[in-house]
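In case it helps, Swiss-Prot gives these features for our protein:
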type	residues	note
TRANSMEM	32-52	transmembrane segment
TRANSMEM	61-81	transmembrane segment
TRANSMEM	153-173	transmembrane segment
TRANSMEM	177-197	transmembrane segment
TRANSMEM	205-225	transmembrane segment
TRANSMEM	245-265	transmembrane segment
TRANSMEM	270-290	transmembrane segment
Amino acid sequence: MVNPVIFEFIGTSIHNQLNNYVTMVASNTMNMIATTAVLAGGLYYTAMGILMSVGRIEGPFSQLVISCIKFMLIAAFALNISTYSEWVIDTVHNMESGFADAFAGNHGTPSSTIYQTLDNSLGKGWNIAAMLFEKGDNRGLTQIVQGFSELLLSFLVAGSTLILAGPTGAMIVATNAVIAILLGIGPLFILALGWAPTRGFFDRWFGTIVTSILQVALLSAVLSISSAIFSRMVAAINLASATQSTLFSCLSLTAVTIVMPYMMYKVYEYGGILGSSISAATISLGSLAVNTAKSGGGAMTSIFSGSSGGGGSGSAKAGGESSYSAGGNAMWSPAFRQHVLGQFNRD
């Protein structure tokens, strides 16, 4: 039983270096932006609170409080290396290996890293090649033709698997390097989530990471599919049959080897298309709540307006009061309070 650790050895070495890089760069990024972020956030919310209290800005004070709490939560992730490592870096790595295992169809104990998934797929192809090589090597002189055919097929399967696994592994290593760089500068983009004008930077950063994860997972799926195809094609080969051509079997495996790299590049491209549509708006609980409230409010309005009957004046009055309060004309609204106090100061 062949259990190669080629990609795990290479990938783990690179992965350890990238982890050190991520921790160092993320820590340096946090130190660089911490003072600016705290001062800018403090000045922004202080100024907004003062302007709302004197009536220069109209709006509910609760919205400012919620925005301030949201900013503090975001800063807790973006400015603390322990929290960032546990909740962001580890989560991204677990997503990567989890998606790769799921898409590759691995059963039993899941792989600890994406490189172990690659080695598992490579091992399946090489186990088929080893089985064919052993059968061919055990042939006697009277079965030299069958033995030579099995040896040829074993080398073909082993070479085809390596041809597929090699570029796939290289692309995955390159993609992991991109993920490491993005995670290193991630605190800056996570902090950008705190303000609406800069939220688009986080969207693009988050979408690029999800794109890379999907590309790695889809590449693992292609490698697993190619191993399954090799296994089925080799199992269908009967070298002792007088009607089956060894040349045809070799050509079939060669055709699969040519088609699979094209499929690999296509799914890599499709992974980029799928990931580019990811946006932070899709995971915003606030936007979900607003959309739900709007749809529910529209349904309730249609129900009550349809059953109001002759109560038109009462409905209009209630609607007027509702819009009057919703527009900020309440005693806790600074602009409204200033207007009311101004009425008493008239001569």
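One is the number of the first residue shown, and numbering goes on along the chain from there.
Quick reminder: no glycine exception, Cβ is built from N, Cα and C everywhere.
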Would the transmembrane segment (177-197) and the transmembrane segment (32-52) count as touching if the test is at least 3 Cβ pairs under 8 Å, pairs 6 or more apart?
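When sequence-distant Cβ pairs are counted, the transmembrane segment (32-52) touches the transmembrane segment (177-197), since at least 3 lie under 8 Å.
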With contact taken as 3 or more Cβ pairs under 8 angstroms (pairs 6 or more apart in sequence), are the transmembrane segment (245-265) and the transmembrane segment (32-52) in contact?
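No, the stretches stay apart by this measure.
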